[in-house]
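These come from TrEMBL:
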type	residues	note
ACT_SITE	ASP338	active site
BINDING	CYS200, CYS203, CYS217, CYS220	Zn(2+) binding site
DOMAIN	64-266	domain 'Mur ligase central'
Amino acid sequence: MSESTPLSARARLAVTAGKAAAAVSRAAGRGSGSVIGGRVALKFDPELLSRLAGHLDVVLISATNGKTTTTRLVAEALRAGGEVVSNALGANMPAGITSALSAGANARFAALEVDEKYLIAVAQDVNPKAIALLNLSRDQLDRAAETRMMAEHWREGLQGTKATVIANADDPLIVWAASSCPNVVWVAAGQAWKDDAWSCPSCGGVLQRPDDTTWRCAECGFGRPTPTWVLTGDSVLDPHGSTWPIHLQLPGRANKANATSAAAVAATFGIAPQVALQRMQSVAAVAGRYDVVQYEGRDIRLLLAKNPAGWLETFSLIDPPPAPVILGVNARGADGTDTSWLWDVDYTRLTGHPIAVIGDRRLDLAVRLEVAGQNFQVFDTAAEAIRNSPPGRIEAIANYTAFQDLRRVVGN
Ligand SMILES: [Zn+2]
């Protein structure tokens, strides 16, 4: 770790201007103001990001699914070694990252979630010690070809990087992206969603999957590297062969995978896995996700799932039938405007659950559920859907803006 260096006058001015803009934005009732603040600060000093990160040991975390949660787990783990600055609310583009770092003058570590498209640019600015690559799957059907292009973009941008890259050996696109890096720590974190990874990223050949744990291209030999960190059931196997139990408040297999990757990240910063995993246990919710809120006598668990891979993982962690399920779908800008991805999800996993359908695109989803033979009702509002469910636990699964809408309704 380098000594903390005072910021230049220009950088100080940029930070001050950014904070002022954030305060104005907050006063105007537009959320935390972190993004607008960061945008203003970067205008004053385009090199601010690299200046703010200069004294920090930085890890960047990127993925299609799980990056906000994994960043939170990593931040908790690193706190065992010193103060951590993080974009905990998921503002993951350069402006949001700048804003987060401007609060880190006294920090030792920075745990930063980065949007897939900005990973390479941010990595060039902040000189990270570690980069974690978790998974790449499509967000919407019209973006199917983009996952392959994103892997290629990462591969080119990360070639020769000095950072230790912590990468998921079970996702062929991640392996393709990371295999140009000189220093990779492979993690067997699993991949429930395989539909985006049937063709070889290297040659386009068909990937062979003789069993659930391995894959290999018959044409060119590109295949799964041998991982040194492995998620096995409810435990993490570390590179020394020791097994450490995972105890999380966060539900589901996907979060155990996130914890495994987070433990591997923490180890590159000198934090032992048992210490890291114990600290992760304190995380109960992440930016409102997984929160259980009381509303109208019901306990509503808020589950964000943005794409087919996310819905698949989420269906696997909900309470068994007859727990009522609310599904919310919007197709506004942040969600992607094409809802055809709804047809890629296997809804038979919801059989036995009474389903309430809400959101701007509730009729698109209703058609899909009808075809899948599911038992559902359509409601105009979240409040109606909740009131129609029996008292007790409700599992509410929604994509990005539908999730924000739902949080507003239930006051979380
Ligand atoms: Zn191949």
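Think of each number as a place in line: the chain as shown, counted from 1.
Cβ atoms are placed via backbone N, Cα and C, with glycine included.
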CYS220 (Zn(2+) binding site) has how many other Cβ neighbours within 10 Å of its own Cβ? 12
Rank the binding-site residues CYS200, CYS203, CYS217 by how many other Cβ atoms lie within 10 Å of each Cβ and give me the one with the fewest. CYS203
Around the Cβ of ASP338 (active site), the count of other Cβ atoms that are within 10 Å: 13
Given the recorded Zn(2+) site (CYS200, CYS203, CYS217, CYS220), which additional residues of the same chain have their Cβ within 8 Å of the Cβ centre, ordered by sequence? PRO201, SER202, GLY204, GLY205, LEU207, ALA218, GLU219, GLY221, PHE222
Cα distance, the residue listed as 'active site' to CYS200 (Zn(2+) binding site), nearest Å? 26
Integer Å distance between the CA atoms belonging to the residue listed as 'active site' and CYS217 (Zn(2+) binding site): 32
Need one number: mean pLDDT over the domain 'Mur ligase central' (64-266). 92
How many Å separate the Cα atoms of CYS203 (Zn(2+) binding site) and the residue listed as 'active site'? 29
